[in-house]
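Below: the structure, in structure tokens.
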Amino acid sequence: MDHIRNFSIIAHIDHGKSTLADRIIQLCGGLSDREMEAQVLDSMDIEKERGITIKAQTAALSYKARDGKVYNLNLIDTPGHVDFSYEVSRSLSACEGALLVVDASQGVEAQTVANCYTAIELGVEVVPVLNKIDLPQADPDNAIQEIEDVIGIDAQDATPCSAKTGQGVQDVIEALIAKVPPPEGDADAPLQALIIDSWFDNYVGVVMLVRVVNGTLRPKDKVLLMANGSQHLVEQVGVFTPKSIPRDALTAGQVGFVIAGIKELKAAKVGDTITTMQRKAEAPLPGFKEVKPQVFAGLYPVEANQYEALRESLEKLRLNDASLMFEPEVSQALGFGFRCGFLGLLHMEIVQERLEREFDMDLITTAPTVVYQVEMRDGTVITVENPAKMPDPSKIEAILEPIVTVNLYMPQEYVGSVITLCTQKRGSQINMSYHGKQVQLTYEIPMAEIVMDFFDRLKSVSRGYASMDYEFKEYRPSDVVKVDILINSDKVDALSVIVHRSNSQYRGREVAAKMREIIPRQMYDVAIQAAIGANIIARENVKALRKNVLAKCYGGDITRKKKLLEKQKAGKKRMKQVGTVEIPQEAFLAILQVDDK
């Protein structure tokens, strides 16, 4: 066991985490040069294109060190994005060490810090590495200073390397072997194995990626999943080099995969503990929690006959993504669709993109909302994730909204504009600290403000230099109201939004004005109104198209003209009673693009 090293790589997006992983795999001969490709651990197309890692992957490598010993290195690739922070914490708790990769030309950024703190809390040994030192603008001294200031770990002996050219990668592995402790654990104790990740394979069912903490796991063992108490028979165990290679057993300290004929992903939850039926472990490994969606949106097929296809696509996606939730929903305006729950905005974008790419779906997405807690007058508390389900205001005692703590990092010249943005978004400043040229701001901001367009606005006010991460803090009472949009005094449920009262007038006016541009003129007047409860706060009219009925009167008596105009008016009135206004697709997208001033 002294020769095993379990480690993962922590980095901000684009600091070269996947490239470094590629180099380490190549150096240890995990794949032949022919099989080697860029970002070998990012298996989804969308991961490669966006340059992000979504699912955790592993590679078991053997490396002959300079001291002549052969070490088994288990690389556990973690997602870097805040939406997947639970996956990150599970991957890190399976390791004893982590390589902290910092881009020498950019210094420390938000997600590096967030994941690094997670690692330190879990007691993982952090080994700093400076990447991209081959770039002309690299400034290693400044980067070292930032690591020490912001994260507070000693970085004087940080290993410089360039994952692109391969220079210094061997030093990185040597530093890793020297600094990271070998795993502790007893191969003869009752089995405890942590599920780091799980995904669905069409041939064998669910494949679980596990880190064996104590005990030994062999094929034909009867195992128990401790979170939900289900029992399964192990069919195969093995390791990834990233290719899968079967093994006879996985012992304490090793990382590998387990196939046990599980049919659905819900059974194998990330963070759960596996133990054997013969000798049960006394307690599960700590840290397991159910992942709860934070952001909800409605997904509707453009063509009504695509509903079943959408359900199938969502079910297939859920096979590989246990944190995706969905339930059927009916909207008067959009027909049948699904209310989906996501971990965060990036997760939502990825799911939408995968539906459109892998399953050829055409989708309409409603505005993303967060989960509100509503205290009713009769003392009950309900959760509302869909504005259309918000109860009648007269029955509501108080509405609580989720507040998140946001950490922002940016060069100091952008501080002013970022603070202005946070204040607009109803943020309250908690902390501000300077680290060299970088500034760290901590704010508490309502989550509802973040899901709308905070990230895009942050990037535009800081010219792309600011980076952020956020975590849920608590629910707080807030004066939020539901703004309904009425078209010819009919509510359009898909257009309702929940906003803060201070912003509701403006929001209502903006949406009504936007709808007026988008809804085509009809044969009769269309009234667009924004309402809070029974109070109308804004109104716009779309004027009717009308024929010039007086064209045939040459001069003549006024009563004749009046008669024709009255007749036209009566006809329009009749049409308005029976006519329905078709709301074009763009209208639903327009709601997402209303700027908050």
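Just so it is clear, glycine is given a Cβ too, placed from its N, Cα and C backbone atoms.
Annotation source Swiss-Prot lists domain 'tr-type G' at 2-184. Annotation comment: Swiss-Prot describes Asp14, His15, Gly16, Lys17, Ser18, Thr19, Asn131, Lys132, Ile133, Asp134 as GTP binding site.
Neighbour counts of Cβ atoms within 10 Å were compared across the binding-site residues Gly16, Asn131; the minimum falls on Gly16. Counting every protein chain shown, the number of other Cβ atoms lying within 10 Å of the Cβ of Ser18 (GTP binding site) is 25.
Taking all protein chains in view, 20 other C-beta atoms sit within 10 angstroms of the C-beta of Ile133 (GTP binding site).
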